[in-house]
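Sending over a structure as structure tokens; questions will come in a sec.
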């Protein structure tokens with residue numbers, strides 16, 4: 001197991017390096033400048049600004065300088081938020097996205113798995129049809145449609161919950177964005193769990209357990225659930241990526257000060273340094289999470305330790 005974990009960590013290094021390289025050159029070679037706007041700056045002023053940020057250096061010089069900065073944990077200066085470095089901006093916004101993303105992810109896993117198991121155990125009953133009907137609805141409706149609907153129903157009409165803001169991450173401010181962000185993944189996980197659980201319940205070892213007279217609850221929790229969760233575990237990597245990218249829309253709709261909204265503002269303002277750093281950060285988190293999923297998969301199913 002230790003060798004497997006070490007190998008996955010080593011495999012992540014070149015992937016991250018390729019991500020950094022591609023992202024850097026795409027940002028640097030993109031047309032336009034972070035300092036061009038509605039008002040055209042005099043050439044002398046533009047030259048001084050570019051010299052300050054070393055944007056007039058050869059592209060390879062900029063690349064190796066950026067790698068050196070990253071090696072020291074420095075994302076560099078922000079081109080638009082002049083009083084803050086990118087590190088400062090990430091440090092203030094990342095906890096918001098991390099708290100919202102973690103809450104949405106665990107909500108999706110818990111409710112999705114529970115609904116899928118219930119649907120599998122009650123196959124071809126009204127419970128099964130209800131869960132699958134709701135799951136299909138949750139899959140086809142995108143989060144940018146769900147989010148305003150939740151605001152309209154629970155904030156404007158019923159006045160039960162606030163329609164935006166963060167307020168330090170208080171629970172009532174998290175409920176609507178958390179539900180909007182996780183709904184599609186609850187539905188997908190429920191469908192995956194149902195199909196996998198039905199397949200496992202028809203396996204020979206489950207028939208043997210039933211023939212021995214074991215209680216159904218014990219059969220489900222100790223024998224059926226573990227193998228049934230393997231497809232769900234495989235889906236967690238894409239779900240994590242989807243929650244990260246989906247948070248950009250959700251944070252903008254609900255006015256949350258997270259990295260999603262920061263990324264959108266950076267892209268609109270052509271703050272290439274900020275956008276590049278957030279791209280690398282999200283990519284690194286995705287690579288790390290996928291490595292963790294692979295390790296968990298190996299723990300549950302030792303057959304994949306190759």
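Backbone N, Cα and C define each Cβ position, glycine as well.
Below are the features listed in Swiss-Prot for this protein:
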- 94-293: domain 'ABC transmembrane type-1' (DOMAIN)
- 1-11: topological domain 'Cytoplasmic' (TOPO_DOM)
- 33-99: topological domain 'Periplasmic' (TOPO_DOM)
- 121-137: topological domain 'Cytoplasmic' (TOPO_DOM)
- 159-169: topological domain 'Periplasmic' (TOPO_DOM)
- 191-229: topological domain 'Cytoplasmic' (TOPO_DOM)
- 251-279: topological domain 'Periplasmic' (TOPO_DOM)
- 301-306: topological domain 'Cytoplasmic' (TOPO_DOM)
- 12-32: transmembrane segment (TRANSMEM)
- 100-120: transmembrane segment (TRANSMEM)
- 138-158: transmembrane segment (TRANSMEM)
- 170-190: transmembrane segment (TRANSMEM)
- 230-250: transmembrane segment (TRANSMEM)
- 280-300: transmembrane segment (TRANSMEM)
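Locate each feature and note its surroundings.
Mean model confidence for the topological domain 'Cytoplasmic' (1-11) is a pLDDT of 75.
For the topological domain 'Periplasmic' (159-169), the DSSP counts in helix, strand and coil order read 3 helix, 0 strand, 8 coil.
Helix first, then strand, then coil: DSSP counts for the topological domain 'Cytoplasmic' (191-229) stand at 32 helix, 0 strand, 7 coil.
Within its own chain, the topological domain 'Periplasmic' (251-279) is flanked in space by residues 19, 23-24, 27-28, 30, 32-34, 36, 53, 75-81, 86, 89-90, 92-94, 96-97, 100, 144, 147-148, 151, 163-166, 176-177, 180, 244, which lie at least six positions past its ends and keep a Cβ under 8 Å from the stretch.
Residues 59, 62-63, 66-67, 70, 270, 272, 275-276, 279-280, 283-284, 287-288, 291 of the same chain lie 6+ residues outside the transmembrane segment (12-32) yet bring a C-beta within less than 8 angstroms of a C-beta in it.
For the transmembrane segment (230-250), the list of distant contacts is 97, 100-101, 104-105, 108-109, 112-113, 116, 143-144, 147, 177, 180-182, 184-185, 188-189, 192-193, 195-196, 256, 258-261, 263-264, 282, 285-286, 289-290, 293, 296-297, 300-301: same-chain residues at least six beyond its ends, Cβ to Cβ under 8 Å.
Only residues 6 or more beyond the boundaries of the transmembrane segment (280-300), in the same chain, are considered here, and those with a CB under 8 A from a CB of the stretch are 1, 4-5, 8-9, 11-12, 15-16, 19-20, 23, 70, 90, 94, 226, 229-230, 233-234, 236-237, 240-241, 244, 259.
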Please report, as numbers and ranges, the same-chain residues at least 6 past the borders of the topological domain 'Cytoplasmic' (121-137) whose CB is under 8 Å from any CB of it.
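That would be 115, 186-188, 190-191, 194, 197-198, 201, 220.
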